[in-house]
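**Q** This is the structure I want to talk about, given as structure tokens.
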Amino acid sequence: MAGGVRRRSPSSPSPLWGKLHTLWQDKHLILFKTEHTLLVVSVLWILEIGINLWVIQKVAYTEIDWKAYMDEVEGVINGTYDYTQLKGDTGPLVYPAGFVYIFTALYYITNHGMNIRLGQYIFAVFYLVTLLLVFRIYNRTKKVPPYVFFFVCCASYRIHSIFVLRLFNDPVAMMLLFAATNLFLDGYWTLGCGVYSLAVSVKMNVLLFAPGLLFCLLWEFGLIRTIPKLSVCAAIQLLLGLPFLLNNPVGYLSRAFDLGRQFMFKWTVNWRFLPEWLFLNRYFHLVLLAAHLLTLLLFALRRWKRPGENIVELLKEPSKRKIPAQSITPQIVLILFTSNFIGMCFSRSLHYQFYVWYFHTLPYLLWSGGVKKLAHLLRVLILGLIELSWNTYPSTKSSSAALHVCHLIILLCLWLAPPLMEKKEHTTDKGNKRH
């Protein structure tokens, strides 16, 4: 009709119908094409609501550390700010101050820790929030095929147990860590550093991400502009720990950040095949620390930085570097996850709840490796063997050895991948804000 609005033919399909028709035609590819990540993870997340409710209702709760947590924060509530005097059934308080504040809130919400069922529901919410944050990272990066996310959530008994049947503090720390990672991806570096520091204040294992984070900060900002970001991390630690620092600074620092704490051989998941005397030997611990630091250095020099660029260039302002600066945003996730994974490989001991420290990062690491012949089935097999190793209780020589073999394969695949700054990864960079 001349001069009027052109009307769509009644037989013309709507855009929504067209999209649904395309999905139906490609239904056999939905689980393999990364563009369908959002659809698949949305379905899985909804399923996880029911799974968590079923686990809480049908599987018996096991008391391990919850009562000890409540005893420790009760001491603070009663006016004890000397960390050396705070303890629970399982020993002294060995977590930073952020743990105290969060579990004090849980102490009051759960009727002085007595309403454990309510605590389980709260940790189910923590689990679902963690999944949202993890799925957002995977949806942003589009690296892992959607079918893998079934193994990230629904298939892991151990992870559900750590969250809703054990109520450990490890999941709270990792939830905050993944929140910080999302902020880094969005370009909110200062806020992300603040949330990262909060995660460290819940449990010190989050420091395993610190070398990777430092590299990212130096790459993005140079040394001078990185210092304020690090100051935010330090200020939060100081502010949270202030009541305890004022009372007994040495006691607080030695307990909350005890890097030399001795682990018990009976709980180790990763070193069961060693004789106990060697497991407890301080020289063995020093060898592991040296291997950890050397591996981090090699990855920073040969895999994270651009080929041909001196590592000292990172200290300069990005605009003053010899090679024009490019954003670190597409590489943030892999650098952070690799930094943490290296720490896990050379850990003095891994206990069962420590699985959550890297569980959600494993698919990303496996699908980031440089061995193209590492087929989908083999990657899934590695995930399955790792899960089996963590579900073997008590651990055996075979389960510990299998875990190390899987770690070695992943580490070698990451090493054989091209240097990060040579690759163009698919990451949605919304404006690449730098705050």
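These residue numbers are counts, starting from 1, taken along the chain as shown.
Backbone N, Cα and C atoms are what each Cβ position is placed from, and that goes for glycine too.
In TrEMBL, annotation is done automatically, which means it is predicted and not curated.
The annotation transmembrane segment is assigned in TrEMBL to 37-56, 93-109, 121-138, 144-165, 172-189, 195-218, 230-246, 283-302, 323-344, 350-367, 399-417.
Describe each of these features in terms of where it is and what it packs against.
**A** Through the fold, the transmembrane segment (37-56) approaches residues 23, 30-31, 117, 120-121, 124, 127-128, 131-132, 135, 138-139, 142, 144, 146-147, 149-150, 153-154, 160, 163-165 of its own chain, all at least 6 residues removed from its boundaries and within a Cβ separation under 8 Å.
Distant neighbours of the transmembrane segment (93-109): 69-70, 72-77, 83, 86-87, 118-119, 122, 169, 172, 198, 200-204, 237, 240-241, 243-244, 252, 255-258, 261; these residues of the same chain sit at least 6 beyond its ends, with a Cβ under 8 Å from one of its Cβ atoms.
Among residues of the same chain six or more beyond the transmembrane segment (121-138), those with a C-beta under 8 A of the stretch's C-beta atoms are 37, 41, 44-45, 48-49, 52-53, 56, 106, 109-110, 144, 149, 152-153, 160, 163-164, 167, 171-172, 174-175, 178-179, 181-182, 185, 333, 360, 363-364.
Residues of the same chain lying 6 or more positions beyond the ends of the transmembrane segment (172-189) and with a Cβ under 8 Å from any Cβ of it are 99, 102, 126, 129-130, 133-134, 136-137, 140, 195-196, 198-200, 202-203, 205-206, 209, 213, 216-217, 220-221, 229, 329, 332-333, 336, 356-357, 360, 427, 430-435.
Sequence-distant neighbours of the transmembrane segment (230-246) (same chain, 6+ residues past either end, Cβ-Cβ under 8 Å): 81-83, 96-98, 101, 190, 193-194, 196-198, 200-201, 214, 217, 252-253, 256.
Only residues 6 or more beyond the boundaries of the transmembrane segment (399-417), in the same chain, are considered here, and those with a CB under 8 A from a CB of the stretch are 268-273, 295, 299, 303, 338, 341-342, 344-345, 362, 365-366, 368-371, 374, 382, 385-386, 388-390, 392, 423.
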**Q** When each of 144-165, 283-302, 323-344, 350-367 is checked against the transmembrane segment (195-218) for Cβ pairs under 8 Å, which one has the most?
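**A** Per the Cβ count, the answer is 323-344.
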**Q** Excluding the flanking five residues on each side, which residues at least 6 beyond the ends of the transmembrane segment (350-367) place their CB within less than 8 Å of a CB in that stretch?
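**A** Distant contacts of the transmembrane segment (350-367): 130, 134, 137-138, 141, 143-145, 148-149, 151-152, 156, 158-159, 162-163, 166, 168, 170-171, 174, 178, 205, 208, 263, 267-270, 333-334, 337-338, 340-341, 344, 374, 379, 382-383, 386, 390, 393, 410, 413-414.
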